Amino acid sequence: MDVTAKYELIGLMAYPIRHSLSPEMQNKALEKAGLPYTYMAFEVDNTTFASAIEGLKALKMRGTGVSMPNKQLACEYVDELTPAAKLVGAINTIVNDDGYLRGYNTDGTGHIRAIKESGFDIRGKTMVLLGAGGAATAIGAQAAIEGIKEIKLFNRKDDFFEKAVAFAKRVNENTDCVVTVTDLADQHAFTEALASADILTNGTKVGMKPLENESLIGDVSLLRPELLVTECVYNPHMTKLLQQAQQAGCKTIDGYGMLLWQGAEQFELWTGKAFPLDYVKQVMGFTA
């Protein structure tokens, strides 16, 4: 790829960031499509996010991806949010139109698209959702929009717990889905929820390096063959949760599916062009 002065910059702002496959995936897609953009990752956390956004405007970047820990904070720095992003309370994509910043969340649409592509219909189903960060709430919001019946969200009593309660209130008021929020330490409630669930989704960083030997499922007998287990973590590709699920006979969807489909939507928002899906799946080794 020969980068010229006509190229525009697209970023990814997160911390940590060096594990991300997004720069490789997006740059392969941009090169294949012959588009004058380059995509770069920047280590940005909550303490430097405001100045990074000022830099984005000053450099006239086309936009940026946003990942942990900035997804919720980023909502405060854009001029406009999509209805879905408002429901989530977090964004993973910013598009810069001559200094006017629009915030989107493609995490939810990407993850639900991966589920649908597997042939699973979420309508009328019940999901146990682990986590209450930007990715988890995006998945929950999109699932609610697309007709899931009930979401049982479990999260530790940390800084995200009250945000999870507020998220549940927004979804309950604006969709037909019923969302409950429970402390993950309540193992009795967790066991009961899994017993009646159709889908278990990990929206936390548990399983991601350096937590690759950890899983929020302590008792593998809670996993039933009829349960669909989905993962947001893609590094490592086969998380401990997915290993447990496969051993229990569950159908699984790995984190590559969400990465691929959310990235495809981001690409189209930034460039206005179709994402070269089949090519990217091939060169990245994705099976989604």
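Cβ atoms here come from the backbone N, Cα and C positions, even for glycine.
Between the candidates Gly110, Gly249, Gly255, Swiss-Prot assigns the NAD(+) site shared with Ala132, Gly133, Gly134, Ala135, Asn155, Arg156, Lys157, Asp158, Lys205, Cys232, Val233, Tyr234, Asn235 to Gly255. If you compare every pair of Cα atoms in Ala132, Gly133, Gly134, Ala135, Asn155, Arg156, Lys157, Asp158, Lys205, Cys232, Val233, Tyr234, Asn235, Gly255, the residues listed for NAD(+), the longest distance is 26 angstrom. Here the binding-site residues are Lys71, Lys157, Lys205, and the one ringed by the most other CB atoms within 10 angstroms is Lys71. Among the binding-site residues listed (Lys157, Lys205, Val233, Asn235), Val233 has its Cα nearest to the Cα of Asp107 (substrate binding site). Here Lys71 (substrate binding site) is positioned 14 angstrom away from Lys205 (NAD(+) binding site), judged by their C-alpha atoms. Taking the C-alpha positions, the distance from Asn155 (NAD(+) binding site) to Lys71 (substrate binding site) comes to 17 Å.
For the pair Val233 (NAD(+) binding site) and Lys71 (substrate binding site), the C-alpha distance works out to 16 angstrom.
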